[in-house]
């Protein structure tokens, strides 16, 4: 059973098509990362799946149930992109109210446990009107998981948080996955997505531009890797032969006396390259292989 | 729905505005009932009117100021949450109908408690609890609460509903009496949509007011289901 499945899901405001016929499947137990520039349609897509807005066309299912109603939503946790709370209520009051609304009526112990998991234990009885932006984000995550949901939507969970808190949230997200929950998250932090997500989709202009695991994306994006080699000087009479070989192996970016940078398409070529240098009487001193980062993939038009 | 109803009910009791309104309601009920015998002695009344004299003060307050009271407390029951985006936490957990009717029920129960206590205060002097007038009063409050919810759904800015609520709160009683008593056909038709016409009679026509409230809630539900939060 898939945790999320959409078929031709679209949202238009007048003539402006924000989400354009999205087909997406998220399997149970995944940490699915959703990337895109501002205005790409990420939040609109999540808002459709969570019932905040209704789609213009298309269908979707959550936890295997088509057109999910409030009963399914009780098994889903949502942290919307902009979290605003009742300023005169404490964090504890929020958690108790939201859990009751989800039909689970969390005990005081459960509320405290969830507050501890987001590092808000000492602020449980403070009114949220006095909370900082980062604390509100944490409470947003706490309310999304208070009723022990099977599927959790987190819209930019760590934006505005300090590094220490962000690491804590990453750990929490991994723990949720270990408990068998599915996480669907958006983020602008590419490092974060690269580190914790098991699968990633990049959205551009209302459609999914790229999707896959980090490895698949790298392969999809550019079937090349950059190899930087430090080597001893190549004897003059071997230089032409080596250069010809390197040019046939990949794209030669830099080729100096003791330093060569080349992009190649196949990992096996590295070993062949080392052999070619040896045959041309040069010793390879160091090899660095750079694969495309998520940032490069993300920025690639 | 009941979780939202309970929260709405409790939050209504917590504001200063509501405490002032409850105080006005109780004071009017108490003193109108206490001095009703003085009023009765000065005016010629039918047997039925003399019997109802104790509740006249309360009924007059609800007729003339009830809409203002209900709007004052609940004009932003839906649009405040949408405006401040707290609604997002609700719509991802409960159906929109459950939110809407839960809020309406919370408002209704609040007024039910306030008016029931007022009638109990009156009953100390009148030595009876007039269930018929109590039902009439509650039908009026039901209408007023439904209108407040409908406006709060239709108008997205809480500031606008506050302004419109105050205007309507003052205008509606005047319009109601004008529509009932005016022979002008251009005005007269409105009486069917305003509760005062149905409260004139001493029969169960006041139940029409509940039907009007039901229609307003259905309209509010239809709009709210399509509304983005």
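Using the three backbone atoms N, Cα and C, a Cβ is placed for every residue, glycine included.
Because TrEMBL annotations are produced automatically, they should be read as predictions rather than curated entries.
According to TrEMBL, the protein carries these features:
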TRANSMEM  B:12-33  transmembrane segment
TRANSMEM  B:53-78  transmembrane segment
TRANSMEM  B:99-125  transmembrane segment
TRANSMEM  B:131-155  transmembrane segment
TRANSMEM  B:162-181  transmembrane segment
TRANSMEM  B:204-224  transmembrane segment
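Within its own chain, the transmembrane segment (B:131-155) has Cβ neighbours under 8 Å at 52, 55, 58-59, 62-63, 66-67, 70-71, 74-80, 100, 103-104, 107-108, 111-112, 115-116, 119, 161, 164-165, 168, 195, 198-199, 202, 206-207, 209-210, 212-214, 216-217, 219-220, 223-224, 227, counting only residues six or more beyond its boundaries.
The transmembrane segment (B:204-224) makes contact with the transmembrane segment (B:99-125), as judged by at least three Cβ pairs under 8 Å among residues 6 or more apart in sequence. Of the two recorded stretches, the transmembrane segment (B:162-181) does not lie close to the transmembrane segment (B:12-33), with fewer than three CB pairs under 8 Å once pairs fewer than 6 apart in sequence are set aside.
Sequence-distant contacts of the transmembrane segment (B:99-125), counting only residues of its own chain at least 6 positions beyond either end whose CB sits under 8 Å from a CB of the stretch, comprise 1-9, 11-13, 18, 21-22, 25-26, 29-30, 32-34, 36, 54-55, 58, 62, 70, 73-74, 77-78, 87, 90-91, 134, 137-138, 141-142, 145-146, 148-149, 153, 217, 220-221, 224.
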